[in-house]
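Student: Among the features that TrEMBL reports, domain 'Major facilitator superfamily (MFS) profile' is placed at 18-480. Taken from TrEMBL, the feature transmembrane segment applies to 58-76, 88-106, 112-134, 146-162, 182-200, 277-298, 344-363, 368-387, 393-416, 428-450, 456-477.
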Amino acid sequence: MVEYSIDEALNVIGFGRLHYLIFFGCFTQQMFVSNEQFGISLVIVAASCDYYVDEHRMSWLMVATFAAQACSSHFMGYQADKIGRRKLMIIASTSCMTASFISSLMPEFWSFLVMRFVMGIFVPGPGMAVLTYLSEFTKFNLRPKVINFLYYAIGVSLMYMAGKQDIRVKIHKNYAITSWRILMWLQLVPGIVSCIIFTCTPESPKYYLSVGKPDKAYAVLEKCCRSSKGKDVTLKSLGIDSLRPPETYALETTKTGCARVWEETKPIFTPPILKPMMLITFTLFLLFGTGFGLTVWIPRALKLGNDLHKDLILCDMIDEAHAKNITFTESPCHLSMRTLEASIYLGACAILFSVLITVLFVWTHRKIILLLMASLSVAGGLMLNFVKIHELVIVGCVFLTVPALCSIRLALSVLIDAIPTHLRSKAVSLSTMFGRVGVLVASMYVGYTLSWNCFVTFNMFVVFMAGVILLVSFLPFDGKTGSRVAL
């Protein structure tokens, strides 16, 4: 009897119709997660008059949303390793969509903030599980590339959200169905599509093997085989008689509650896993802070400048707006075309940078790509100190934020390759939890320093990305095709 590991079996099976269906489901799920995380930056600009949102309220809205994500992130990872990636995605994304829809109906800011906090509790589920689910169906040498393709969803999301609408239907007194509420409903569509797809796809075979269900894992791979090679081809006909059990299993423990969660998480903090875990965790703190924490502020900062109708250095634009007492709540409460164009530019550039990463994979490896992306981000941040033309200001904002965004999944793919299956979701959720803490720090930092000293605000993110260059330099090389990191 010939035993294969799952990675060896996936290498024989290849990438077929079922894999493409899973990829499309994960892509739309990632779009939904990105809509919820980035869509608020456009929604809140349009809702400023309804909710009277100034810089401080915006900071607290971001803090509430990402604090909820940070608090629930590890629990979601623990549940993904316990009940399965697919099941968690369906439950968490459905709950997230429900909370998001309710938040869109809220009549005033504080009830809106509470529901965004509730929504934030469920976001880490699909945000984390989509990555592990897709990677566990993908053969090893394609994994970093497929994960990078998944990140095209962020660019599509930023462009998808920029549809311009001017709608206001009065319902009762000061309450109305406006364009920003409709925008929030449209953000849910990719999530609905992904949940429908996931009801038709199987659970991860690696999950089944990690919980001691080799027969179910074999059955899932059989489906993958028939979708890739033809309905008459079976695993046995390819010489795969059975699956080799994993080298490590989840620890058996009699503890319950938080003690059990910690007992099953503790192996992550032991060699040889500890080194990549710490490097990627601190890298994600800085990438999330720059990519997510700053990106949501860009439309608001550009909107202030648009109200001046001048071409100035970004910080001079913001300082003059504050000097003239132009605030977010006093300026026109609709999305100008220039603000929408900024979101479209960000989305298009996110796709272009993802394409660039795909091309670079032909010649080089993840470490060099991560170093290049961080260097471009530093260059973009420095550029904002002297460019005045509006289009060049947008280019500087794009180069500062988008390379950081496009590097997040690539950095996580290093961690995925280094972590055993039964610990993978927990490790990914822990590292992204610290990434979300980075968003909290960045959001509060921008909210309370932007009007005090804008140049310090933006240049601190240049320092962040310089820190990424330093951390990535300690990662080992992994080969041009994304082969296993030698740790």
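Yeah, the Cβs are placed from backbone N, Cα and C, and that goes for glycine too.
Can you tell me where each of these features sits in this structure?
Tutor: Sequence-distant contacts of the transmembrane segment (58-76) (same chain, six or more residues past either end, CB-CB distance under 8 Å): 37, 40, 44, 88, 92, 112-114, 116-125, 127-129, 261, 265, 292-293, 296-297, 300, 328, 426, 429-430, 432-434, 436-437, 439-440, 443-444, 446-448.
Within the same chain, residues 22-23, 26, 29-30, 32-33, 36-37, 40, 51, 60-61, 64-69, 71-73, 76-77, 79-80, 85-86, 88-89, 91-93, 95-96, 99-100, 102-103, 106, 146-147, 150, 191, 194, 204, 409, 412, 416, 424-425, 428-429, 432-433, 436 sit at least 6 positions outside the transmembrane segment (112-134) and bring their C-beta atoms closer than 8 Å to a C-beta of that stretch.
With a threshold of 8 Å between CB atoms, the same-chain residues lying at least 6 positions outside the transmembrane segment (146-162) that come near it are 23, 26-28, 30-31, 34-35, 38-39, 42, 130-131, 134-135, 138, 183, 186-187, 190, 340-341, 343-344, 346-352, 354-355, 357-358, 361, 405-406, 408-410, 412-413, 416.
Residues 21, 24-26, 28-29, 31-32, 35-36, 39, 42-43, 46, 86, 89-90, 93-94, 96-97, 100-101, 103-104, 126, 157, 160-161, 163, 165, 167 of the same chain, all 6+ positions outside the transmembrane segment (182-200), place their C-beta atoms under 8 angstroms from a C-beta of that stretch.
Using a Cβ-Cβ cut-off under 8 Å and counting only residues 6 or more beyond its ends in the same chain, the transmembrane segment (277-298) has close neighbours at 37-38, 40-41, 58, 62, 66, 268-269, 342, 346, 377, 397, 400-402, 404-405, 407-408, 411-412, 414-415, 418-419, 427, 430-432, 434-443, 445-446, 450, 461, 464-465, 467-468, 471-472, 474-475.
Beyond its flanks by at least six residues, the transmembrane segment (344-363) meets 144-145, 148-149, 151-152, 154-160, 162, 295, 298, 369, 372-373, 394, 397-398, 401-403, 405-406, 410, 480-482 of its own chain at Cβ-Cβ distances under 8 Å.
Distant neighbours of the transmembrane segment (428-450): 55-56, 58-60, 62-63, 66-67, 69-70, 73-78, 80, 124, 127-128, 131-132, 265, 268, 277, 280-282, 284-290, 292-294, 296-297, 301, 318, 408, 412, 415-416, 419, 456-457, 460-461; these residues of the same chain sit at least 6 beyond its ends, with a Cβ under 8 Å from one of its Cβ atoms.
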Student: Go through the chain and flag residues at least 6 beyond the ends of the transmembrane segment (456-477) whose CB is under 8 A from any CB in it; none is fine as an answer.
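Tutor: For the transmembrane segment (456-477), the far contacts come to 276, 279, 282-283, 286-287, 289-290, 294, 314-315, 365-367, 370-371, 374-375, 377-378, 381-382, 384-385, 400, 404, 407, 411, 414, 442, 445-446, 449-450, 485-487.
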